[in-house]
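Student: The annotation transmembrane segment is assigned in TrEMBL to B:34-54, B:60-81, B:88-106, B:112-135, B:142-163, B:194-215, B:222-240, B:246-267, B:279-305, B:325-344.
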Amino acid sequence: MLATSGMMALALTACSSSGGKQTTEAASAPASAAGTPTMTVAFITHAAPGDTFWDLVRKGAEAAAAKGNIKLEYQADPDGANQANLVQTAIDKKVDGIAVTLAKPDAMKANVEKALKGGVPVVALNGGIDQWKSMGVLEYFGQDEKIAGEAAGARLKQDGAKKALCVIQEQGHVGLEARCDGTKASFPDTEKIYVTGTDMPSVQAAITSKLQQDSSIDRVLTLGAPFALTAVKSVKDASSSAKVVTFDTNKELVTAIKNGQVEWAVDQQPFLQGYLAVDSLWLYKTNGNVIGGGQATLTGPAFIDKTNVAAVEQFAASGTR
Amino acid sequence: MTAAVTEPGRAEAALDDRVATRSLAVRMLRRPEIGSLVGAIVIFALFMLVAVPFRNVANIGTILYGASAIGIMAVPVALLMIGGEFDLSAGVAVTTAGLSASLLAWNFGLNVWVGVILALALALGVGAFNGWLLFKTGLPSFLVTLGTFFVLQGVNLGVTRLLTGNVATADISDMDGFTSAQAVFGSEIALGPVTLKVTVLYWVVLTVVAAHVLLRRQVGNWIFAVGGDAAAARAIGVPVRATKIGLFMAVGFCAWLSGMHLLFQFNTVQSGEGVGKEFIFIIAAVIGGCLLTGGYGSVVGASIGALIFGMTQLGINYAGWNPDWFKAFLGVMLLLATIVNVYVKRKADLR
């Protein structure tokens, strides 16, 4: 049956008349080269391979690098010790600045301090809002996960939600736990569930089964855009009337908000985090500026919902929101 | 190809004590899948007792979906293990199949079905490559497929970013052929109150076909022979190389089937997915009675193993247990199932 229907489709036409790369000629990231002197920046994150969130961070960093004529060396490793080693290699290569995420601050501490002692400016982004200052890091760009969680909880309360399910896609991830804890702080009827983020069918089945088990759940809160899109399917599978809300966005999620499949997303502006981290090192080198004046620069939480999704949509299409 | 390898001894004197008749009960207990069957019944009874939603007939569809996602791959992985080999690349090969179908169709503006068929060729190719390299190098399959595991993981990420500039594929749901492909790989069938995903159907069909081939066809005897003792098998004329390469390609085929479901169920595929799933497939096969050393095992058992995994994973949710302990519960359940399995088998063997 499979083969015959496949052949039939093939016989009709081998080419698609709609969609595909040809119709998605994306606009390039907002960046243009400047004639300023070159510097080298090492950009070292804890991104897991294949996570759409980090695409946006990286694009922000690349945009700032292109604008400032900076040579960007992007590296990532989710393992704390390995990420710390990448900082060491950056020191060895004598880069002019290091932007780093501090999701596992204890592992990173020694090498970050070594870089600073050696005169290499270090800025932090995305993770480590409680630790960056004590390590002597110059600046921090990101959202406070606890505050973002509280904002999500407050919004749930305002929406008149009764019970929320907070879906954690990586067990033991401090930032994700903080989001759910923050949500629980301002919206007490929040329950956590752990799913395997690298295995979508199991994510879908797990959320479905939880919704079937507890019919009082009327909001599913996911902590990443791909999981929100999967949760939409789970809600349908479980014949639940729960609404889906999420942290973080990607192109498909912006469309889902527009279609009303997802109610809202907490946006921490990952593009901005990457952009500011690289640009701040350039400003520090060329003009001695420190963004935030010794305080963390918060890039979120902002909400994207039906009322403002149109403004975000055009940027999401080119992969920068 | 006519040299049938029949079970040794059967045609000889029935008085030989090696082939003495045993009672039906003992013969039943000696089946490799019996342990997993007992384990499945125990786990089923446990969750029926503690989890109220587990008793709801309509939720069977969810449990079977969770099990089928594992089962589709556990079947060929079990065959491969009976044939004496491993495939550590089986988890990421699923992602590779999904990615390549999507990327090929999207990048060249092809009908989605063309991408689907090219992905099939690629998945079979990866399987054949694993098998070929095994014989070419003489290395254990553990090392060969560990290599392919890393290569595929890197290629998945690298090629996806190269083509799309992102780490996930673009949405291809507006392209020609998507709707019909989705009907084949991602549809649902309503049976009364139960909604079954099409993967459940594929899983059952695969199990029946593979079990038939393994137990009733010559190829099945070849698989047991090459897993038991490859040198002896070769000596009596079993095409060892072709059998093993074929088994790797069977894994490739099922990886393609799973990958197509992944693509057409979720429209986009994230390139980092699938890592770690190879162990789940192997665990399902081991629970189902496959030996890590080859030459012994059962396809039906592997499917029951997948069912145990699905029931446990979702049963914990249905029971509403503290999620902090999720992985620990899962591990204990799996260990218990395996221990029951080994215990029953040993008891039966002593008779």
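Note that Cβ sites are derived from N, Cα and C of the backbone, with glycine treated the same way.
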Student: So, do the transmembrane segment (B:279-305) and the transmembrane segment (B:222-240) meet, by the test of 3 or more Cβ pairs under 8 Å (sequence gap 6 or more)?
Tutor: yes
Student: Sequence-remote contacts (6 or more beyond its ends) of the transmembrane segment (B:194-215), Cβ cut-off under 8 Å?
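Tutor: 57-58, 60-61, 64-65, 67-69, 71-72, 75-76, 78-79, 82, 184-188, 223-224, 254, 257-258, 261, 298-300, 303, 306.
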Student: Report the listed stretch (B:60-81, B:112-135, B:142-163, B:222-240, B:246-267) having the maximum count of Cβ pairs within less than 8 Å of the transmembrane segment (B:88-106).
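Tutor: Between the stretches B:60-81, B:112-135, B:142-163, B:222-240, B:246-267, B:112-135 has the largest tally.
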Student: Same chain only, please: residues at least 6 beyond the ends of the transmembrane segment (B:60-81) with a C-beta under 8 Å from a C-beta of the stretch. Say none if there are none.
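Tutor: Long-range Cβ neighbours of the transmembrane segment (B:60-81): 54, 87, 90-91, 94, 194-197, 199-200, 202-203, 206-207, 210, 214, 223, 227, 247-248, 250-251, 253-255, 257-258, 261, 277, 280-282, 284-286, 288, 290-292, 294, 297-299, 301-303, 305-307, 309-311, 313-315.
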Student: Counting only residues 6+ away from its ends, which parts of the chain sit with a Cβ under 8 Å from the transmembrane segment (B:142-163)?
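Tutor: The answer is 86-93, 95-96, 99, 103, 106-107, 126, 129-130, 133-134, 169, 271-272, 275, 278.
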